[in-house]
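Contents: one structure, followed by commentary.
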């Protein structure tokens, strides 16, 4: 935007400076490989990687029963990613238990686990996924010649812990949920092998990659609650094992907490700020006029977050006074707010 001699950049949200060169996450305060997200022009939120917690993700946590927080306000899902599960082309069996965060969380379309062929330059249709839709468990797979889907009866929401057992041999799949009857399906077409190359995602997926999910898959939300005791085997006479190499160890993850733990119990937001937690990630949501990690700093009358905003015209400098502020005008402008040429 040019105003004769005085040009300036109109910056998108969360950037500042004459060339919009300042972003909150430039001087990334988050530790340990966390995802930094700009909460405002001055403050960042750290979305913690697997095994870390706290405002700056500096606290190590031990996770035996992972808890997932769904999709946070920034649009990221919490997830764990394990190495590709080997040898499940013709046969697999999975067992797992889960606990819902609340009754509403089963009514959205929540992803429990997923692995597929898309990504890494591949665009095949093969996939295997499990999720919740309208309070029912949905199990789908595609061997490359069409999708097979089994939908359970509605979950009994009075149960605290739900148990899923599912499997597939060639085209025939089956699903058993809690005490419900075993349900079966046969996939369409002629293909009999599942060829998947992606990691095994639990509870959600990395960044915004629903495009890795098959067409028509609507599991846009991450899981809300705990998923544990996940086990898999690739033949009838094998032992069940936890996914991952080494066994039970994810390659990566984000905003995954330990079931029943609350990171907000360790944090005091001041001045009316509200503690928001998303798995292991935690931050303070400050009331108007306050900022900083714990809402302890006041927003000066000249700062962009101040409500109402100051009226100094672009190119002039806002200078705080004991009561109010004044505008320092660049050459060639005058007036209270430097609004006159």
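Cβ atoms here come from the backbone N, Cα and C positions, even for glycine.
Caution: TrEMBL annotation is automatic and unverified by curators.
If you check TrEMBL, you get these features:
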type: DOMAIN; residues: 21-58; note: domain 'EGF-like'
type: DISULFID; residues: 48-57; note: disulfide bond
type: DOMAIN; residues: 69-259; note: domain 'Laminin G'
type: DOMAIN; residues: 260-296; note: domain 'EGF-like'
type: DISULFID; residues: 286-295; note: disulfide bond
type: DOMAIN; residues: 298-339; note: domain 'EGF-like'
type: DISULFID; residues: 329-338; note: disulfide bond
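A sphere of 10 angstroms centred on the C-beta of residue 329 (disulfide bond) encloses 19 other C-beta atoms. When the disulfide-bonded residues 48, 57, 286, 295, 338 are scored by other C-beta atoms within 10 Å, 48 scores highest. For the pair residue 295 (disulfide bond) and residue 57 (disulfide bond), the Cα-Cα distance reads 18 Å. In terms of DSSP secondary structure, the domain 'EGF-like' (21-58) contains 0 helix, 13 strand, 25 coil. In space, 286 is the closest of the disulfide-bonded residues 286, 329, 338 to residue 57 (disulfide bond), judged by Cα positions.
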